[in-house]
């Protein structure tokens, strides 16, 4: 099993030194879900929410969150992201919204946390915009779908979960 990289020999949290690492293209994808009543989902799909376009607002929030991950998650490096994409899809058969984020850069450290933050904040934004009509929405699961680039190699979740 790999060692925790954010813990030093004395057991203290620290920011990993990436200065000696080579710059490579790195990409990560994550997903999150928001489950709600069918009436709440229909309101979003039909564009009848009094606060405006829920998907557009959540998309922008997710993109902004990816760009500010280093301010939210301790020990994350500030990154020069070259691409952030947030896609939202209503899944009426499951009464939920699926959010998928993609982050990419050429750099010395990965973008997994940025992708996870983008998907999570987009989900939180949907909750915030819809809580006036439904407070018992459920956020989750949130997970990393895939990552590529860097020394640790590529990862892809088993989609048969």
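Each residue, glycine too, has its Cβ placed from N, Cα and C.
Copied over from Swiss-Prot:
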BINDING   75, 76, 77, 113, 114  substrate binding site
ACT_SITE  128  active site
Near-site residues: substrate, ref 75, 76, 77, 113, 114, CB cutoff 8 A to centroid: 69, 70, 73, 79, 109
Which of 75, 113, the listed binding-site residues, has fewest other Cβ atoms within 10 Å: 75
Sparsest Cβ surroundings (other CB atoms within 10 Å) among the recorded positions 114, 128: 128
For residue 76 (substrate binding site): intrachain residues, at least 6 apart, with Cβ closer than 8 Å: 69, 70, 113
Pairwise Cα distance for residue 77 (substrate binding site)/residue 128 (active site) [Å, integer]: 28
Residue 77 (substrate binding site), number of other Cβ atoms within 10 Å: 14
Residue pair residue 114 (substrate binding site), residue 128 (active site) - Cα distance, angstrom, rounded: 21
Distance, the residue listed as 'active site' to residue 75 (substrate binding site) (CA atoms, angstrom): 27
